[in-house]
Amino acid sequence: MEIESVAAGSCSKENQMIYKEWFEFSDSDGDGRITGNDAIKFFTMSNLPRPELKQIWAIADSKRQGYLGFKEFIVAMQLVSLAQTGHEISHEVLISDVDFKNINPPTMEGLGVLMAKKKHSSKSSDPNMNGSPAADTSLTAHWFSSKSSKKISLSSVTSIVDGLKRLYIQKLKPLEVAYRFNDFVSPLLTNSDFDAKPMVMLLGQYSTGKTTFIKHLLKSTYPGAHIGPEPTTDRFVVVMSGPDERSIPGNTVAVQADMPFSGLTTFGTAFLSKFECSQMPHPLLEHVTFVDTPGVLSGEKQRTQRAYDFTGVTSWFASKCDLILLLFDPHKLDVSDEFKRVISSLRGHDDKIRVVLNKADQVDTQQLMRVYGALMWSLGKVLNTPEVSRVYIGSFSDKPINEAATGPIGRELFEKEQDDLLADLKDIPKKACDRRINEFVKRARAAKIHAYIISHLKKEMPAIMGKAKAQQKLIDNLEDEFGKVQREHHLPKGDFPNVDHFREVLSGYNIDKFEKLKPKMLQTVDDMLGYDIPELLKNFKNPYD
């Protein structure tokens, strides 16, 4: 399975050299990214009408990053060339039989003269050849050091993600630090959290086909993969792109600044010893990272013998992931207590959840209908949402579908379901930037509510006498205190954190040491949500809108 068409963006070496010169010429600030104004100046030389240029930008910037890297620039130039020769420009052209590799560069009126004038000036640095912003991450990494956080200029923001980093450091992070949001809800964000590739997490009871599912998508096994009928995967494995095939231990992964897993250190060495990263070169992993999880156990005793907080780890990954696949087996439809807790920990991420009924070719059509009904019944008691979750039925493995059980109708159904699921996965990189904005806004709202709760608890404490007794009373009646905060500030009840978890963390703190309400700080976050983020999206939208 390919996330993007291989043809678009590939070209001969001669054409690549031409495009490289054009890219360097049009990239006025030499940061390896062509943004709105640069694009308008350069693309105008093609003499194409504005609606066609708008469509070309939309297709080239398919991930909606707000800029074109070198690879996206090549795609744009190839589309310009096609438009000049009379082709209709649409998304379908990428999957058509057009020979992208041998498309001649487009005609750009007056470009040769302008480039000749610029020849005497020093050449700008080489752009990142693969189109990803990896070369630019070092430019923004130093923003996260406390000394430089106040000095980030607006001109240094060259993408939507850069803009989110700047807003986080200058406006949201001070609120999180003041009210200890990182201790109660989620660790502070780092540079790598913003630059990470989209992630897909697979959850399910043992032997429901999680590892086989990843193997099926990659069309090869990954380092450290174990497949069998018994509980084989005994650890959390992140499968991501890398220069060679290797497994990296969890403690090493957690301290690497270029990986978004530093927040996992809060779960301790017991968890990190059950966590590893598998790297391998693969075109699919250039766009998506997979998280393979241990099979959820069915017995309460096995759960209590885990040395780490399995539900907490799952919840941490859920907040980082773009898609969560719950895998079920027709022979394992019971939702165990631990699985129920795991699904409950996904609260707030309902839009990411997809249910997969795997190994469906192991039962005949009549049994499959009954199994599907039983699965819906089981999930209805666990997923406390009125909306229906999308359920995919199929057999996601390299083995041919067992037609003896399902018949030709079953085969056709499974193939259509597989196509739908693959289409969902293909959409992930395209929606990654939108998802990042969505998660950022969600985090900002959670931080605001957290600040209201903490400042309210501080306000309820006595000035001098009886502090210990007052603190215990507040902790015991925490649900009532949440209700007071909700009514006082007119907040939605569903946005409040889990009471039991909050109580557990709160019991280790002295409420009297907490900060009072700082209206100015909260107003800054409100302004960020109301004005700064819409302005950021406006600045990096399609320049031809």
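Each Cβ is built from the backbone N, Cα and C atoms, and glycine gets one as well.
Record note: among 170-173, 358-361, 510-513, 358-361 is the stretch given as region 'G4 motif' by Swiss-Prot.
Looking at the region 'G4 motif' (358-361) alone, the prediction's average pLDDT is 81. Taking the centroid of the Cβ atoms of Asp27, Asp29, Asp31, Arg33, Asp38 as the Ca(2+) 1 site, the other same-chain residues with Cβ within 8 Å of it are Ser26, Ser28, Gly30, Gly32, Ile34, Thr35, Tyr67, Thr158. Here is what falls inside 10 Å of the CA of Arg33 (Ca(2+) 1 binding site) among the binding-site residues Tyr67, Phe310, Phe396: Tyr67. The DSSP breakdown of the domain 'EF-hand 1' (14-49), given as helix, strand and coil counts, is 24 helix, 1 strand, 11 coil. In this structure, the C-alpha atom of Glu72 (Ca(2+) 2 binding site) lies 32 angstrom from that of Phe396 (GTP binding site). In the three-state DSSP assignment, the secondary structure recorded for Val313 (GTP binding site) is helix. Reduced to three states, the DSSP call for Gly204 (GTP binding site) is strand. Long-range contacts of the region 'G4 motif' (358-361) within the same chain, counting only residues at least 6 positions beyond its ends with a Cβ under 8 Å from a Cβ of the stretch, are 204, 208-209, 213, 327-331, 368, 371, 393-397, 401-403, 405-406, 410, 414.
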